[in-house]
Every structure is written in C-alpha cells, then in structure tokens.
Amino acid sequence: MDEETAYELERQKTIAENRALLDSLGLDPAGASSPFGSSPAPTSNKTKPKPKPAPKKRKAAAVIAVDEGPRRRSGRIAGLEADGDAFKAKVEEEEKEREILRVVSRKEREKVMDVGKMVEDTPEDEIKDMEKYLQSIAELSNPRTYPAGTVSAREAYADSDTVPSEVQRLKDAFKDMSLKGNTKVTNERVFSMCVHPEKTKTLVLVGDKYGQLGIWDALGPPMEKPENEDDTSGLLRAEGEDEYQEGRVWRVQAHAKNSISCMKVDPVNGSGLFSTAYDCSLRHLSFSTLQSTELFSFQDEDLLINHFDLLPSAQEAWMVDKNGGISHWDTRESKRESGRRRWVVQEEGRGAKLGGVSVNPLMPHLICTAGNDQHVRIWDTRHLFSISSNLVPSAAAIEEEEEGTSTLSGQSSSLPHDTHPTRESDYSTVTSYLASPRGKGLMRAKWQHGKSCSSAYWDPWGRRILTTSYDDHLRVFNIDPGSSLVDDRAVGSLLQPNGFKPTKVVRHNCQTGRWLTILRAQWSLNMEYMPHFTVGNMKRTLDVVSATGEKIVGLWTDDVTAVPTVTASHPNIVDRVVGGNTSGRIQLWSSGDHI
C-alpha cells in the first residue's frame, strides 16, 4: 500500500505540473482550443517528445547571369510565317543528318561490300590473314552429301538404319569426348552457327545478336596475345602451357546491327556462306572473291527473316518471316523477274510467326515449317506458284511515283540490284486456293504441338522431321513409304486424324527465358552414321541424341559455366561438335587426341 500511495502522489504531482505548463502556454488542458478538436485522454504516462529545432535557413547563392545563347522558340505560337524554300531546305538537311546517324548506329550494309571493309577495329595484317585463309578454303571443294538420286523414294524411305548395332556404333564414336577449345568468338550472344565441311580444318562460323559474324579457325595457329590484355580463353591451362592454343578468330560485321538468324555453307562446293538476319536480308559471302552480296531483302523492316534453307543447287532459297510469310528467292536467269515472291500462309496475330523452314534433300519440292501457332506443316511448293499474286511496288517505282514519273501500268520497275520481292499473295488468297480442288496438294501434312513450335528440320536422308517445342519435348516424325509424301496418289492421307504424328518423343526442358537464345535441336549432316542430332541442355550440357530417341552422350566439364543454347556438328567428322552461349563463347568437343 505504501508503494501504491507513493506512486499515486507522484502521478498527481506530474499531472499538476503538466496542467501548470499548459496554463502558462495559454492552452486548454481538455483540448478545446486545439484546431484538431478533442482527443482521447492519454492511456499512459509517456513523456511528450521534444520538438525538433527548426533548421537554419541557408542563404541563397547569388544568381550569376549566364548567356545561354538563343533559345528555341515556336514560330507557330509566335505567329511567324516560315519562308517556304528555307524551311523545306532545313527540314531536308535535318532528315539527312538523322539518316546518317541511323546508318552509322545500325551499321547498315551496302548491296555489295568487300569483306575487308566489313571488319572493324582490326589491324591490317590480321585482315590480310583472314582474306588469305578464306581464299584457301574456297580452293578446297567440299560439296554437301545428298541422298543418292538413283534410289527411288519408296526405297529411300525404308527405315532400316536404326537397328541396335547402329546405335552402339554411334555410341562408340562418341567415347572419350573432351573439351578441345573454349574461345570467345563473337562479342555478343550467339544466335546461329554452322561448321564448314572441310575435313582438314575445323572452321566454325558464328552469328551473334548484333549482326557480327565470328570466323573461328579452331585448329589454326594461335593469334599473338595483345599487350596488357587479360586471357579470355576460359580454359584452365596446365602450368607451363602456352597461352592462346585455340586457333584464330576474326570478326566481320556481316549484317546491319541485327541478329543473324540463320547461316548455311554453300552446298555446291563450300566456297561461300549464306546468311539471314533481322535486318530483313539474305546475303552471300564469297570466300573466293571476298565480297558480300545482298540477294534478297524486304522494304518493310517489320518482316524479320527468322530462318531459311537452300536447295541443293544453291540457286534457290526458301525463307520464313515474323508475319507468317514464306518467301522464295531464285537466281536462275529464267526467273530473274519472277524469282522473288512471298506468300502469307499464317493469319495475322501472335501465332503468325514462322520460326523455322527446311527443304527436303531427297524431294526438294517439299518444305516443312515451324510456327508460333504450335503447328509443324509440310508444303508442296509446286502448288505455290499457281496461286494468284499482286505486284509489289519497288523502291524505284515508289520514288518515281513521288516525283511524278511512273512506270508503265502492270510493270514493276527494278533497280540494277533490286532485291525486294516482286510479287506477293496475301493470306486470303492463299487460304482460298487451299480450300479449292486445285489446292488439295499444297499442304501435305500438319501436326499440332502443346505450345509454339520453335524449329523443324528434315534429316539428311529426307526421311524424318525433328521438331523442338516450348511444351518441353523434342519429336521425331518418321515418314511412311506409303504416305502421300512419297506417293502422290495418296494425297491428303497425312491430313487425316492420326495420319501424321511423331514416332519418337523425348522430354527436354526448352524454357530458355528472355536472355537465352531459343533451343533448336539440329540434325548432324554426317551420313556415315545413323541419324542423330545435337541440342543444348538447360543443365549446361550439350546432348547428342539418336533418331530413336536414345541419348548418346551429354558433354560437360567444370569449365562450361553457361548453357550451350546453339549447337552444330562437323558434317564430315561425326565426333566433332560445338556449342555456343550467351557470352559469345564457343566450346569445341571431340574424342581422342587426333585434334
């Protein structure tokens, strides 16, 4: 009780002191004079926090008048009338300056360019070495191997090369694989890659995110290491081992500052490289003449060319774009005027994009396409040329029309090196033809995946199709010798339910996300062994898989720290494969010590 009495006396004393303080300040203890109205009585004896002292006012610095020069003012608001000629000249001059900046920033390529002029920030002696090396490659004939033309289609489609003994033979070829090279070939993320077929060399050609072509002579003499430059090989070298043991690298700005979407070595003799990019062009780089030539291009920069493939003659190419178009380029003399055409086969929208196209090496009139609408389709291109089309105004015709001079009606003006399509068939025209009796054989087969289909490729024999899909599966479609693809009398059989479906399904994580290049399983072009393909694995391995769906080998070491999303194989050396990653680094794998 004594403690409670003492506490109560102390509390009353505190209340009295607080009331006296409020009275001295002229404040009502009940809060009636507060502008915020009454507030509930305090429930505790917490002391009121002390008010913070007001910050000291800083003296404003003296304003110093600075002559900022003339300011831009609106002539329209000021009511001034611009001099017509002077104003027009000024606008044209500003437009020219913007165009120059655009060309410089995009690194736009001319129609025909010398390779030496496409190399940037490289010493002259290294450019000469590159030119000499490419010309030495051109002197070596390396035609691509195709199925024998004497074999009938029905015999060729017999599935007799996937017996267990062939699978074991392939596994034996990939024994004792090891990492032979790990070199930064391009400055940016790898988008596409291929290996030249020359057996005595390992020439890897790499396309990156910004139109740069990396040329890697993996077995060539090492380049001298520049002074004060850190090692970027990425391999753990043994003590005393010389640096730069991984060949020579040259970098060429092959396209404008856009991703190189696809590359193919000239199938006739290996003396050049065909490539497409998001700058909407198809180009050919000749190793013998050392010139890069534009073969095909779109005026509309929104029509990104996603993929292409060549016919065995290398005189024709099929391309697919973002807006659902299939385009054809033909350089033969008889097709000079009509050799550039486009057909829109996908309806406009998110599913319009065609991400892949492949030409059947046994029957080149058949192509397969991979679409964002989840479908893989097989087309008979012989029917496409029967579809009605409209003339596409060329750049020259548009300029003439703007200047008041027009070409004759019904004719399409062309420049000496005009590469734009001359005719186009829109989606409604294509679908109308497809629904007509004449268009019965245009689409030979189709199959729908669970999600978008990223790629579709015919194997080197023309007997199977390999697809990659975002539904996390790789699929192999075997062609029946009695199907409509082989026998024209059975047209339409593969369009029936269950008429065309995968024979092998391999589960594979294809969720690359935003920052990795899309996975595309790629057939090996080597025809000395059973059909097999390579594909990057999200667990950072490079997988080799047979056409039967059996995993042959998964390649990985501690030195590989990124996913090899882009893969390729040496066409004539079965156990030599490469993988490329986001940093522009390429890993070369091979077995034994012969490399």
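Every residue, even glycine, has its Cβ placed from backbone N, Cα and C.
Swiss-Prot lists 29-46 (among others) with the feature compositional bias 'Low complexity'.
Among the features that Swiss-Prot reports, compositional bias 'Basic residues' is placed at 47-60.
Swiss-Prot lists 405-415 (among others) with the feature compositional bias 'Low complexity'.
Nonlocal intrachain contacts for the compositional bias 'Basic and acidic residues' (417-426), taken as residues 6+ away from its ends with a CB within less than 8 angstroms of a stretch CB, comprise 111-112, 281, 294-299, 327, 337-344, 384, 387-392, 394-396. Per Swiss-Prot, compositional bias 'Basic and acidic residues' is recorded for 417-426.
Under the heading region 'Disordered', Swiss-Prot lists 20-79 (among others).
Here Swiss-Prot flags 397-429 (among others) as region 'Disordered'.
Sequence-distant contacts of the repeat 'WD 1' (185-226), counting only residues of its own chain at least 6 positions beyond either end whose CB sits under 8 Å from a CB of the stretch, comprise 107, 126, 130, 133-134, 137, 140, 142, 144, 242-265, 270, 273, 275, 277, 279, 285, 517, 525, 565-573, 576, 578, 580-586, 588, 595. For 185-226, the entry in Swiss-Prot reads repeat 'WD 1'.
Positions annotated as repeat 'WD 2' by Swiss-Prot, on the basis of sequence analysis: 255-297. Here the repeat 'WD 2' (255-297) has a mean pLDDT of 97 out of 100.
Sequence-distant contacts of the repeat 'WD 3' (300-339) (same chain, at least 6 residues past either end, Cβ-Cβ under 8 Å): 144, 146, 261-262, 264, 266-268, 274, 276-282, 345-348, 352-359, 361, 364, 367, 369, 371, 379, 381, 384, 412, 414, 421-423, 427, 455. Residues annotated as repeat 'WD 3' in Swiss-Prot: 300-339.
Swiss-Prot lists 349-389 with the feature repeat 'WD 4', giving sequence analysis as the kind of evidence. Below 8 angstroms of C-beta separation, residues 146-147, 153, 156, 306-312, 318-326, 328, 341, 343, 423-425, 429-430, 433, 438-439, 441-458, 460-463, 465, 467-469, 477, 485, 494, 500, 518, 520 of the same chain, each at least six residues beyond the ends of the repeat 'WD 4' (349-389), sit close to that stretch.
According to Swiss-Prot, the feature repeat 'WD 5' maps to 448-487, an assignment based on sequence analysis.
Outside the repeat 'WD 6' (519-556) by six or more residues, the chain places 144-145, 161-162, 166-167, 169-171, 173-174, 177, 179, 197, 356, 454-455, 457-461, 463-464, 466-468, 474, 476, 504-506, 508-512, 562-574, 577, 579, 587, 589 with a CB less than 8 A from a CB of the stretch. Taken from Swiss-Prot, the feature repeat 'WD 6' covers 519-556, and the record attributes it to sequence analysis.
If you look up Swiss-Prot, you'll see 558-595 marked as repeat 'WD 7'. Within the chain carrying the repeat 'WD 7' (558-595), a Cβ under 8 angstroms from the stretch's Cβ atoms is held by residues 144-145, 170, 173-195, 197-199, 202, 204, 206, 208, 214, 216, 218-219, 234-236, 246, 512, 515-520, 522, 524-526, 528-529, 534-538, 540-542, 544, all 6 or more beyond its ends.
In the repeat 'WD 4' (349-389), helix, strand and coil residues by DSSP number 9 helix, 18 strand, 14 coil. Across the range of the compositional bias 'Basic and acidic residues' (417-426), the DSSP-based residue counts are 0 helix, 3 strand, 7 coil. Listed by sequence, the residues of this chain that lie at least six past the ends of the repeat 'WD 2' (255-297) yet keep a Cβ under 8 A from its Cβ atoms are 105-116, 118, 131, 134-135, 137-144, 146, 191-194, 196-198, 205, 207-213, 303-310, 312-314, 317, 319, 321, 327, 329, 331, 340, 417, 419-421. Secondary structure of the repeat 'WD 6' (519-556) per DSSP (helix as H, G, I; strand as E, B; remaining residues coil): 0 helix, 17 strand, 21 coil.
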